[in-house]
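K.L.:
Just passing along the structure, written as C-alpha cells.
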Amino acid sequence: MSTERDSETTFDEDSQPNDEVVPYSDDETEDELDDQGSAVEPEQNRVNREAEENREPFRKECTWQVKANDRKYHEQPHFMNTKFLCIKESKYANNAIKTYKYNAFTFIPMNLFEQFKRAANLYFLALLILQAVPQISTLAWYTTLVPLLVVLGVTAIKDLVDDVARHKMDKEINNRTCEVIKDGRFKVAKWKEIQVGDVIRLKKNDFVPADILLLSSSEPNSLCYVETAELDGETNLKFKMSLEITDQYLQREDTLATFDGFIECEEPNNRLDKFTGTLFWRNTSFPLDADKILLRGCVIRNTDFCHGLVIFAGADTKIMKNSGKTRFKRTKIDYLMNYMVYTIFVVLILLSAGLAIGHAYWEAQVGNSSWYLYDGEDDTPSYRGFLIFWGYIIVLNTMVPISLYVSVEVIRLGQSHFINWDLQMYYAEKDTPAKARTTTLNEQLGQIHYIFSDKTGTLTQNIMTFKKCCINGQIYGDHRDASQHNHNKIEQVDFSWNTYADGKLAFYDHYLIEQIQSGKEPEVRQFFFLLAVCHTVMVDRTDGQLNYQAASPDEGALVNAARNFGFAFLARTQNTITISELGTERTYNVLAILDFNSDRKRMSIIVRTPEGNIKLYCKGADTVIYERLHRMNPTKQETQDALDIFANETLRTLCLCYKEIEEKEFTEWNKKFMAASVASTNRDEALDKVYEEIEKDLILLGATAIEDKLQDGVPETISKLAKADIKIWVLTGDKKETAENIGFACELLTEDTTICYGEDINSLLHARMENQRNRGGVYAKFAPPVQESFFPPGGNRALIITGSWLNEILLEKKTKRNKILKLKFPRTEEERRMRTQSKRRLEAKKEQRQKNFVDLACECSAVICCRVTPKQKAMVVDLVKRYKKAITLAIGDGANDVNMIKTAHIGVGISGQEGMQAVMSSDYSFAQFRYLQRLLLVHGRWSYIRMCKFLRYFFYKNFAFTLVHFWYSFFNGYSAQTAYEDWFITLYNVLYTSLPVLLMGLLDQDVSDKLSLRFPGLYIVGQRDLLFNYKRFFVSLLHGVLTSMILFFIPLGAYLQTVGQDGEAPSDYQSFAVTIASALVITVNFQIGLDTSYWTFVNAFSIFGSIALYFGIMFDFHSAGIHVLFPSAFQFTGTASNALRQPYIWLTIILAVAVCLLPVVAIRFLSMTIWPSESDKIQKHRKRLKAEEQWQRRQQVFRRGVSTRRSAYAFSHQRGYADLISSGRSIRKKRSPLDAIVADGTAEYRRTGDS
C-alpha cells in the first residue's frame, strides 16, 4: 500500500442510480480497520529472500509478535506499557482471567461508589447530609437513612452473591491444568501459569485454555475437531487444521521443544471468525487464517491429542474480548419514568421555594413580633427562609420515591420468571423452553408496532426436502396439487437397488429412476453427479453408514438426494474427491474450490476427471447463474418456466451448470488463483475477483426444487398479530418470488392485497421528492409539515422490494470508479469547502428520501424485503426506529439475523437448524414462531398493564403521603414541621405500603390469557401509551393531592372543637398525627384493592396484612417499654392507645377513608358504564365467554395456484468448508452425525411431456 496518500486519487460515485447490491460484510465490528488496500499481494515462492522482503510491509497491519518457546522475548522493555505513574506491565496478558469486580478490601467502597453513581441514591445521600445540620432539619436522621440502607443493602447483597459466584468460577478455571513445554519436555501446569509463546498439548475432551495456533494433532494431516458451544452456542463439531509444514515436522516432543517459529498477526480483537497472520519459520513465510486457530472456550472432540502455540492469553483472547460492550436496551416506560421523576423534583423545588418565601413573610409579620417564639438567634427573615427551603427539601423528599427503581427491578425479575415457566411456550420435541434472556424489557413487549422477521427457519421449518427438479428442460416430480390426497395410489420409488440410499427420501417419479438407470439422457446423470461433487460437505462413516455435515440445510438435502439417486459422495482428501456413480467408485482430482458467500450466491468446483479432462461445476441462485451462461443454451427458457412453476409452489430453487476448461486456460487462471490465495490483505475480495474470471460461458443443466414447509401455527399467529395492529415486515435473503409465495402461504398477503414493487416505489418517491423540492427543497426545515399520503384511503396494500432496489431508493449505491475524478484529500480551502457542501447536500437528500420511503412502507399492511444482506436488515430496522419513533421487534434464527436482532428494541431468537448465534444475541428466545403471539399478546400485555398500574399507584401513594406536610405548613408558620411521627415516615414505603403494590405489579391481569389471545385488539392500549403517559401521571398527581387534602382537613376539622369521653380535648399534635397516618395507610391499601383486577389470597393477605402490620408496629413503638430504652427516638409514648380508644377518632378515620374512596368508586362505575373500554366489556361478559367453545386452530395449508412466479433461494449467509478442504485435510471416520440431515418428507409426483 502506497504511503504517498496526498497524491492519491479516486473516483466518485455515478450520479445515476445503480441497482447493484453493495457487498456488505456480515460480521463487521468496531475493531476492523476502516481503510484497507485493495491490491492483491504477489504470489510468494517460499524462499528465504522473498520471505524476508514480505515480512516488513506485513508488520504495518499485523503488529502482534509471538516467539515460540521464548518467554524472555515477550518481556523486553519495548513490550512494556505504563499502567500508572511509573508502574509498568507487559503488553502480553497472562492467562489468568478475572471476571469478578471486588475483593474483601474493595467490596464496600467500590460497591458504594457504584451505587452512588445513580442519581437517586446520590440525591438521598445529599439529603442525609442536610439532615445532619440542626438549623435545617426537623426530621430525625433515620427517616432517610433506614430506607436508603434498605435500598443499598438489597443491591449490595445481590452484587455480593453474584461476585462470590464469579470468584469461585474464576478460581476453578484458572486452576485447570494442561501440559506445557518447559525445560525441553511437557510438564503439567495450571492455566493461569500459561504465557504467550508457550507450546501446549491438549487431549480429547479438554477445554482450550487460550487462543492457540494448531501445530499438529493425532489425526491424519493434523485435523482437529472442536465443539464451540461456549463461543456461539452450536453443538455440531467444527474442523480446524494445521499448516502442512507444522504437521510434517512438529509431531514429536523434542521437535516441539526446539520449535522457534516467529508469528506476526493482528492485535487482539473480538472477531471470532477472522484471523490474519503469518508464520515465519525455516526461512519461509506461511499465511495463517481462522481455520488454523483454536479459540479459548472450545472443547477438543474426537481427537486424541493436539499441540498448539499460544497466540493470545487471558484477557486478550477473543472470548474475553466479546464479554463486554453489551448494548444496553431501555424501555419507553424507563425514559418516561425518568422524566416524571425529574418533573417531581422540579415540583419539589418549587413547593419548597414557595413555602420558604411564605416562612420569610410569616417571620417578618408574626414571628419577630411574638416574644414566645424567640429562639435566641437574631437571623433575618430572608436567612430563615433560606434555611427553611432546605428544611422542606428534606421534609418533602418522599415525593421522589427512593424505592421506585428497586421495586421496578423486582417486578421485572418476577415477570421474566413467568415467561421462563410458561409451559405453553415449551417445545417438547426439542426440550426447549421459552427464555427471557434479559429482565429489563418485559413491559415493552406490550407496545410493539412493527415486527421484522426472517423467513427461512423463522416462518419456515428450515428442514429441507428434495421435492422436484428440472433436467434438460424436463420436469421430474409430483404434478398433483397439495389438496389432492392420493399419495397412497402411487407407489413410492424403491431405492433398495442403491446400497448407499438412506431410506429417508420419499419420491414418487419412477420415470426419473428409469432415466438414470438407462443412461439414455447423459444430462440426467451429469445433473446428479454435479450435486455429488460440487459442495463443501464433510463425510464420515458410523456403523457403516455415511454421515454428512453441511454448511447449510439446503446443501445437505442436495447431497443426500444425489446419494439416493445413485451418486454418493464417499470421501475426500486434500486433492481428491471420491464418488460412487451407480455403484462404481471413481476418484477425481480437485483443482480448486470456489466457495460460496452471501454476495456471490453460488459456489463452483474445478476437477480433473480420470480421463484427464478439466471441468468446472457450478450451482447457485438463478439470478447470478443466468448472467454467466453461454449464449447458446437451448433449454434456458424451459428451465425458466420450470422455475416459475416451482416458485408458485413455494419451493426453494437453484440452478446447476458446468463448463469444460482447456489446460492452457486453467494454467493461466490458476496462477492468479494461487496469488490471491496467499494475499495478506483483502484476501476475500481478491479471490472473488479471480472467481469471476473463470465462472463464465456456463452450460445450463437444470434446476433443483427443495421444500421448506411453514412452521405450525404461522398463519394463525400472523393473523392475530395483524388484528393487534402490529405490522409485520419479512426480511429475507431469498428470491422475490419465493418470499412472495410464502407471504401468501402464511396469509401475510391475501387475494385482496395490492402489491407494489420496487419500480412502483421509485416513481412514487421521485414524485414526492419533486413536490418537496417545489415547496422549498430538502432544506425547507422551517416550512409547516404537510401530511401527504402516498396511496388513496382504503384498500389493502403490500410492498415487495429487493435489496438492489433498496440500495437505489435509499441512495446506498455501490461506488463507481469511472466517472467523477476527485482528490481523496482536498489540498485547498476552496476544495475543502466545496466537498463539505456537497456532502451536506447529499446527506440531506439521502435523509429525506429515507424518511419518504419509511412513510410509504408504513402505509402498507405488509412489507417483504428480498435478497437483503444482514447489514441491510439492520439498516431497515434502524430506519423505522429513527423516522417513525415506533417500538420494533426483530425475530430470526440464524447468524445473518444477529445484526437486526441487536438493532431492534426487542430481539427474539428462535433456536432452530442454524445454530444458536441468534439466540445468544437475543433478549428473548423460544423454539417456534407461533409462541410469539403468546409472548406479546399475553406476557407483553400483562407486563405493560402491571407496570403501568404499579407506577401510577406508586406516584399516587407518595403524593398522598407527602403533601399532607404541605397543607400542615399553612398552620405551623411554614416551619418545616412534619405531620407524622418520624418512624412512620421511615417505614411507610418500606413496610406499610410496599407488598401490595409489588404483588399487583407481579400478579394482576385484567383478562385471562385465553381471552387475551382471543381478542388481540386489547393489545392496542400499549401501542398507544394509553395506560401510562403524562396525562395519567398528572391525574395520579391530582388524585394524590386531593387525597392528602381530605386526609388532612377532615381530621383537622374534627379536632378543632372536640371533647373526648373523658371530657378532655384530644386535639394534641401526636393524636392528630396518629389519626392522619391511620387514615392514610387504610386509604392507600384499600385504593390498591380498587385497582386490582385479579384477586388471589396473596393479594388480599398483603392488603389486610399491611394494615395489621401498621397497627401492630405503631402500638409497639408507642409503648412505654421501648421509650424507656430509647427515649430520644420514641417520643409518642402512649399516643396510639390513648387516641384510638376514642370512638370519635375512629369515626374520623372512617369518614376520611370513605370520602377518599367513594368518589373513586363512583367515577369507576360511571366510566365502565358509559365509556367502557374493550377490557371492561370483556370482563363484564367473561363468564359467558369462558363457557363458550374455544376457538379451533385452522389447519395449516399452502395456498397454491395464486400466480406463476419464478423462484430462487439464497444459501445461508456463511462460507462452507472450502478453505479446510483445499488445505489438504482428509476427514476422519469417527464423526458425529449430520445435524441437519434430511427429514422424512413427501415428494410430489409430476411429469411433463417432452419438451
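Each residue, glycine too, has its Cβ placed from N, Cα and C.
Quick paste from Swiss-Prot:
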- ASP454: active site, 4-aspartylphosphate intermediate (ACT_SITE)
- ASP454, THR456, ASP893, ASP897: Mg(2+) binding site (BINDING)
- 25-35: compositional bias 'Acidic residues' (COMPBIAS)
- 43-54: compositional bias 'Basic and acidic residues' (COMPBIAS)
- SER1223: phosphoserine (MOD_RES)
- 1-108: topological domain 'Cytoplasmic' (TOPO_DOM)
- 157-340: topological domain 'Cytoplasmic' (TOPO_DOM)
- 412-949: topological domain 'Cytoplasmic' (TOPO_DOM)
- 1003-1032: topological domain 'Cytoplasmic' (TOPO_DOM)
- 1092-1097: topological domain 'Cytoplasmic' (TOPO_DOM)
- 1164-1251: topological domain 'Cytoplasmic' (TOPO_DOM)
- 109-130: transmembrane segment (TRANSMEM)
- 137-156: transmembrane segment (TRANSMEM)
- 341-362: transmembrane segment (TRANSMEM)
- 390-411: transmembrane segment (TRANSMEM)
- 950-970: transmembrane segment (TRANSMEM)
- 983-1002: transmembrane segment (TRANSMEM)
- 1033-1054: transmembrane segment (TRANSMEM)
- 1069-1091: transmembrane segment (TRANSMEM)
- 1098-1118: transmembrane segment (TRANSMEM)
- 1139-1163: transmembrane segment (TRANSMEM)
K.L.:
Based on Cβ pairs under 8 Å, which of the stretches 390-411, 950-970, 1033-1054, 1069-1091, 1139-1163 lies most in contact with the transmembrane segment (341-362)?
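P.N.:
Of the candidates 390-411, 950-970, 1033-1054, 1069-1091, 1139-1163, 390-411 scores highest.
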K.L.:
Tell me, how many other CB atoms lie within 10 A of the CB of THR456 (Mg(2+) binding site), whichever protein chain they belong to?
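P.N.:
I count 31 other Cβ atoms within 10 Å of it.
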K.L.:
Treating G and I as helix alongside H, and B as strand alongside E, what does DSSP give for the topological domain 'Cytoplasmic' (1092-1097) in helix, strand and coil?
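P.N.:
Helix, strand, coil within the topological domain 'Cytoplasmic' (1092-1097): 1 helix, 0 strand, 5 coil.
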K.L.:
Whole-number answer please: how many Å between the C-alpha atoms of ASP897 (Mg(2+) binding site) and ASP454 (active site, 4-aspartylphosphate intermediate)?
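P.N.:
Just about 7 Å between their Cα atoms.
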K.L.:
Taking the Cβ of ASP454 (active site, 4-aspartylphosphate intermediate) as the centre, how many other Cβ atoms fall within a 10 Å radius?
P.N.:
30
K.L.:
Which bits of the chain, at least 6 residues beyond where the transmembrane segment (137-156) starts or stops, bring a Cβ under 8 A of a Cβ in it?
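P.N.:
Residues packing against the transmembrane segment (137-156) from afar: 111-112, 115, 121, 124-125, 127-128, 130-131, 391, 394-395, 397, 402-403, 406, 975-978, 982-983, 985-987, 989-990, 1129.
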K.L.:
How many Å lie between the Cα of ASP454 (active site, 4-aspartylphosphate intermediate) and the Cα of ASP893 (Mg(2+) binding site)?
P.N.:
8
K.L.:
What does the DSSP secondary structure composition of the topological domain 'Cytoplasmic' (1003-1032) look like, as residue counts for helix, strand and coil?
P.N.:
18 helix, 0 strand, 12 coil
K.L.:
Look over the recorded stretches 109-130, 390-411, 1033-1054, 1139-1163 and say which has the most C-beta pairs under 8 A to the transmembrane segment (983-1002).
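P.N.:
Ranking 109-130, 390-411, 1033-1054, 1139-1163 by Cβ pairs under 8 Å to the transmembrane segment (983-1002) puts 390-411 first.
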K.L.:
Give the mean pLDDT for the topological domain 'Cytoplasmic' (1092-1097) on the 0 to 100 scale.
P.N.:
90
K.L.:
By a simple count, how many Cβ atoms lie within 10 Å of the Cβ of ASP897 (Mg(2+) binding site), its own Cβ left out?
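P.N.:
Other Cβ atoms found within 10 Å: 33.
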K.L.:
Look up ASP893 (Mg(2+) binding site) in the DSSP assignment and reduce it to helix, strand or coil.
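P.N.:
Note: ASP893 (Mg(2+) binding site) is coil by DSSP, not helix or strand.
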K.L.:
So if I exclude everything within five residues of the ends of the topological domain 'Cytoplasmic' (1003-1032), which remaining residues of that chain have a CB under 8 angstroms from its CBs? That is, six or more out.
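P.N.:
Sequence-remote neighbours of the topological domain 'Cytoplasmic' (1003-1032) are 332-333, 336, 340, 424, 446-449, 720-721, 723-726, 887, 933-934, 936-938, 940-942, 944-949, 951-952, 1092-1094, 1096, 1098-1099, 1173-1175, 1178-1179, 1182, 1185-1186, 1190-1191.
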K.L.:
Are there residues at least six beyond either end of the topological domain 'Cytoplasmic' (1092-1097) with Cβ under 8 Å to its Cβ atoms? List them, or say none.
P.N.:
1000, 1003-1006, 1179
K.L.:
I'd like the number of other C-beta atoms within 10 A of the C-beta of ASP893 (Mg(2+) binding site), please.
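P.N.:
That number is 32.
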